[in-house]
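TrEMBL annotations:
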COMPBIAS  10-20  compositional bias 'Basic residues'
DOMAIN    68-514  domain 'Major facilitator superfamily (MFS) profile'
REGION    1-58  region 'Disordered'
TRANSMEM  65-90  transmembrane segment
TRANSMEM  110-129  transmembrane segment
TRANSMEM  141-162  transmembrane segment
TRANSMEM  196-214  transmembrane segment
TRANSMEM  303-322  transmembrane segment
TRANSMEM  342-360  transmembrane segment
TRANSMEM  367-389  transmembrane segment
TRANSMEM  423-447  transmembrane segment
TRANSMEM  459-486  transmembrane segment
TRANSMEM  492-510  transmembrane segment
Amino acid sequence: MLGAAAHPATLRRRRRRRRGHCQEGPAMQEPLLGAEGPDYDTFPEKSSPSPGERTRVGAPQNKRVFLATFAAVLGNFSFGYALVYTSPVIPALELSLDPDLRLTKTQASWFGSVFTLGAAAGGLSAMVLNDLLGRKLSIMFSAVPSAAGYALMAGAHGFWMLLLGRTMTGFAGGLTAACIPVYVSEIAPPGVRGALGATPQLMAVFGSLSLYALGLLLPWRWLAVAGEGPVLVMTLLLSFMPNSPRFLLSRGRDAEALRALAWLRGADTDTRWEFSQIQDNVQRQSTRVSWAEARSPHVYRPIAIALLMRFLQQLTGVTPILVYLQPIFEGTAVLLPPKDDAAIVGAVRLFSVLIAALTMDLAGRKVLLFVSATIMFAANLTLGLYVHLGPKPPTPNSTVELESAPLGGTEQPLAAPTSYLTLVPLVATMLFIMGYAMGWGPITWLLMSEILPLQARGVASGLCVLVSWLTAFALTKSFLLVVNAFGLQVPFFFFAAICLVNLLFTGCCVPETKGRSLEQIESFFRTGRRSFLH
């Protein structure tokens, strides 16, 4: 009753005090892009946006952003499909009746690893195409080498056609790996950017799983023909999608950028606040980063973090494990057939990325990175100890040998294939893939697109992909050499040690970007704060 009888003037004073209190608190949602000084905190520890702010920057009111994301990440589906194409194809070609297609051990090694060289070249080209054509057109351009590569492998009459086709699909994969995460992060609202940022990895996993499943049904030539489908669908859908508003603004196409943002957010959403924030950030920067600007900490620090994350991601051993998944299972005498094991691992990988997509915007990036590295460490250590101390396959593995010795050496006794102990490699590999797919798989791609400054985002994302796939090539090519020289356990012990380094790197250098706009993240690196732990 007292509250109801309060004088109107008293109520107005109370409202003014409450508004003043909110403005002075540390939990302000909007970034103060014009603020200067190291004390400015772009990342508030606790924020409670109003309903209006949630409408502007939170969950999308329009489903078109999901359609645009789906159209783009079909390129990642093709990438994942092409990456593991060799898993069922190498064993088939080693037994081919055609002498021009029958693979030797050295040829099998090149066929497995040359994809990463093509991907490195694709990343190098993305350093130019990402800013020259834009994110969307660069993704669409990747369809040309991808379709040509699949056609070459489907109609191959010699080893050179297989090698060239594999290289071209790798080039397309490297190009999309640099362009798609940037495109998705630039069109996604902060409230769902984590979930949408996981979709490139999710679709890559789904592509790999589709390859494993089709490998149980189709001959190797028809596997290449089937790879053409997603490429064509991606090109068709993307032709109706808008370009990134941030890219359009950086090219001075303001009206087109506003139309693109309105299309992505929906006609009922007020995009003026978000558009002004993006526009303000773009106007503060030059179109391209200069060498003088590259020496500034707010530019080189996020680039260094992104590069190191891509480098360490590959050193966990994910690429050689995926490329040689079937041969590894053959070399460890797993109880189930190697083809079935590969399909099971693909399903586990898909499930794990789904978990990451659902929890990334709730738990945060750093928590999942810690959990991911811990699981991968345990899995790699288990695989190394099993190979070193456990049983061996009863026959040599013809796929991964470079010499006549079986995979991992011949010192240990041979295993009975019916022993349940031989399920250990399958379980450990499933754990490794689960750990990778929950954190260091999708989050590395997402953080790359989140923390890179806008003016260097196109070039730096291509550089990250280049470094990533050069590392992957070196690992994939040397994996077989190390296995035959020292045993299969040595690479797994090395990968386990790298996972410990990843734990330290995450704690010391990786910022938490959950719930922040790209402009807030960029301002975070401009403030001069030394710690990334907040």
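Placement of Cβ uses the backbone N, Cα and C atoms for every residue, glycine included.
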Check your understanding: Apart from its near flanks, which chain residues at least 6 from the ends of the transmembrane segment (459-486) lie with a Cβ under 8 angstroms of it?
Key -> 109, 112-113, 116-117, 119-120, 122-131, 170, 174, 177-179, 181-182, 288-289, 303, 306-307, 310-311, 313-315, 317, 319-320, 323-324, 400-403, 405, 407-408, 448-449, 452-453
Review point. Any contact between the transmembrane segment (65-90) and the transmembrane segment (423-447), i.e. 3 or more CB pairs below 8 Å with pairs at least 6 residues apart?
Key: no
Check your understanding: By Cβ distance under 8 Å, which residues at least 6 away from the ends of the transmembrane segment (196-214) in the same chain are close to it?
Key -> 65-66, 69-70, 72-74, 76-85, 87-88, 177, 180-181, 184-185, 188, 223, 226, 230, 322, 339, 342-343, 345-347, 349-350, 353-354, 356-357, 360, 437, 441-443, 445-446, 449-450
Practice item. Mind pulling out the one from 141-162, 303-322, 423-447, 492-510 with the most Cβ pairs under 8 angstroms to the transmembrane segment (342-360)? Key: 423-447
Exercise for review: Would you kindly check 141-162, 423-447, 492-510 and say which stretch has the most C-beta pairs under 8 angstroms to the transmembrane segment (303-322)?
Suggested key: 492-510
Check your understanding: What average pLDDT does the predicted model assign to the domain 'Major facilitator superfamily (MFS) profile' (68-514)?
Key -> 82
